[in-house]
Amino acid sequence: MDIWVVGTGYVGLVTGLCFAKLGHQVWCIDQDKNKIEALSRGVAPIFEPGIGELIAQVQSQGKVHFSTSFPASVPVDAALIAVGTPPGRDGEADLSQVFNAVDNLALHLPAGTLLATKSTVPVGTAARIRRRLLELGRSDLEVASVPEFLREGSAIEDTLTPHRLVFGVQSASAQNTLERMHSGMNSPVLVCDPATAEMIKYASNAFLATKISFVNEIANICERVGADVSQVSVGMGLDPRIGPSFLRAGLGYGGSCFPKDTRALVNIAGTVNYDFTLLRAVVEVNQRQRMSPLYRLLRWFESLEGVVVTILGVAFKPGTDDTRESPALDLAAHLISHGARVRLVDPVVKTAHVAGQNKPLPVSQDVYEALLDADAAVLVTEWDAFRNLDWTHVKNLMRGPFWFDGRNVLDPEVLEQAGLVLSNIGHKTRSQKIPV
Ligand SMILES: NC(=O)c1ccc[n+]([C@@H]2O[C@H](COP(=O)([O-])OP(=O)(O)OC[C@H]3O[C@@H](n4cnc5c(N)ncnc54)[C@H](O)[C@@H]3O)[C@@H](O)[C@H]2O)c1
Ligand SMILES: O=c1ccn([C@@H]2O[C@H](COP(=O)(O)OP(=O)(O)O[C@H]3O[C@H](CO)[C@@H](O)[C@H](O)[C@H]3O)[C@@H](O)[C@H]2O)c(=O)[nH]1
């Protein structure tokens, strides 16, 4: 098949490359000249395991093409919209990129082509797209919703072997086009109407975010009653009705999806006069959870004025260089506003945009250098590189012994043996000095 993918961000790029790998002829179109130039030279604009090799493979097979404009006289069976849907002022999804893409596609797609959204869009967007196409005199295009469920860090595998495919369609021919497009993927398929498909995407992200905020609330109670949240998670997860995933307590969720999509779903509910009380609480709990190291540091130091704090991990999770809605950036901004001197270290992120700073902050790649003369350290992102440090060396480098493990991946006993003091989330603190 011939497929156009509009928007070559995370989702558009990975989707386009994977369809090319499945044997389709793919055009990846993006308005960002630098991105397209880099991709044409085989350079990936994102850090994602396997992406460089995949670009090289499908480029050498002539299966993928990168362009800033819609190709003329090139056949096309389906166009996928994978542009951004960033949050607007009240958390609502800003659909300007989507409708810009729709308007451009309306000028270029031949009659009968399928136009499907991969972007996460509010319920009712497919209907709005159809109305827009009618206004533009393009009642001859099919509209569908095919939400994307990939995770950053395992995006290629998730796209080639997804847990499920959701086809939100209104006609047999649209379903048939999507089936041909995805043939070669051996995944369960749910066929439904576009509005239902759009809701499945938001409901899935909101439910996973709810699990995380729930376990973080349990963790906070564990600290106060002397229970161990890691074991509570294992114990809960052994019940197949609950399942073990997304029960890792920590500094809460970040990234380009959960924070944005939970707020957007609260907003969607509001537009139909429904107060999504539960999801509002999930969002609030997540925001509060990010600040737990700040409160713990304030109890340890009393004042953070001039205190040097090293933050380990700037990406919102390991395996990506994406810093969108990373808890580390929020924490850094709050520590700085309390007078702390913040140092950042991450294996792949090079600079960080921290609110209130007029230029990006540098991010070190050398963890020992970043810990030299630090008064305290906070692990925010559980990169492997931070798990097995030479703790005696760390103790000797640092001015103070205080560590906060925001992802519960460090062994308190090992750190204590080296003379450090470790506080973490959801465990009874071992040091008498750290009040909960
Ligand atoms: N990042 C993820 O892990 C992920 C996973 C599933 C779903 N999603 C959803 O997919 C969508 C895209 O996410 P992303 O992270 O890839 O976004 P992104 O912001 O990284 O990329 C969007 C791209 O679209 C391009 N673009 C914008 N308007 C355009 C236009 N009119 N024509 C051509 N190109 C245009 C931008 O230049 C940019 O490169 C969002 O709705 C997001 O919620 C993201
Ligand atoms: O037990 C857990 C699991 C995750 N997280 C945090 O949750 C966030 C999101 O993690 P993850 O879901 O792995 O990353 P994303 O790449 O943002 O993927 C989510 O968002 C995508 C965009 O919508 C969806 O496609 C995916 O299915 C969905 O998992 C990260 O900050 C994690 O640190 C926790 O705090 N505890």
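Here, residue 1 is simply the first one shown, and the rest follow in order.
Just so you know, glycine gets a Cβ as well, placed from its N, Cα and C.
These numbers come from a predicted model, not from an experiment.
Here TrEMBL flags Cys257 as active site, nucleophile. For Asp30, Lys35, Thr85, Thr120, Glu152, Lys260, Arg324, the entry in TrEMBL reads NAD(+) binding site. As annotated by TrEMBL, substrate binding site applies to Phe149, Leu150, Arg151, Glu152, Lys201, Phe246, Leu247, Arg248, Ala249, Gly250, Gly254, Lys317. Annotation comment: TrEMBL describes 310-412 as domain 'UDP-glucose/GDP-mannose dehydrogenase C-terminal'.
Annotated features taken from TrEMBL, shown on the structure.
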residue	record	Cβ neighbours (10 Å)
Asp30	NAD(+) binding site	23
Lys35	NAD(+) binding site	20
Thr85	NAD(+) binding site	24
Thr120	NAD(+) binding site	23
Phe149	substrate binding site	17
Arg151	substrate binding site	14
Glu152	NAD(+) binding site	25
Ala249	substrate binding site	27
Cys257	active site, nucleophile	24
Lys260	NAD(+) binding site	21
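Secondary structure counts, DSSP: the domain 'UDP-glucose/GDP-mannose dehydrogenase C-terminal' (310-412) has 27 helix, 21 strand, 55 coil. A 10 Å cutoff on Cβ-Cβ distances gives Gly254 (substrate binding site) a total of 24 other Cβ atoms nearby, all chains included. Only Thr85, of the binding-site residues Thr85, Leu247, Arg324, place a Cβ under 6 Å from an atom of ligand 1. It is Arg324, among the binding-site residues Lys201, Arg324, whose Cβ has the fewest other Cβ atoms within 10 Å in the structure shown. In sequence order, the recorded positions near Thr120 (NAD(+) binding site) (Cα within 10 Å of its Cα) are Lys201, Cys257, drawn from Lys201, Leu247, Ala249, Cys257. With a cut-off of under 6 Å between the Cβ and any atom of ligand 2, the recorded positions Ala249, Cys257, Lys260, Arg324 reduce to Cys257. Our reading of the substrate binding annotation (Phe149, Leu150, Arg151, Glu152, Lys201, Phe246, Leu247, Arg248, Ala249, Gly250, Gly254, Lys317) yields a largest Cα to Cα distance of 24 angstrom. For Leu247 (substrate binding site), the same-chain residues lying six or more positions away in sequence with a CB closer than 8 A to its CB are Lys211, Ile212, Val215, Ser233, Met236, Gly237. Distance between Cα atoms for Arg151 (substrate binding site) and Arg324 (NAD(+) binding site): 14 Å, as a whole number. The Cα atom of Lys35 (NAD(+) binding site) lies nearest to that of Cys257, taking the recorded positions Ala249, Gly254, Cys257 as the candidates. When secondary structure is read from DSSP and collapsed to three states, Lys201 (substrate binding site) falls in the helix class.
Comparing Cα positions, Phe149 (substrate binding site) lies closest to Cys257 out of the recorded positions Thr85, Cys257, Lys260. Here the C-alpha separation of Arg324 (NAD(+) binding site) and Ala249 (substrate binding site) works out to 20 Å.
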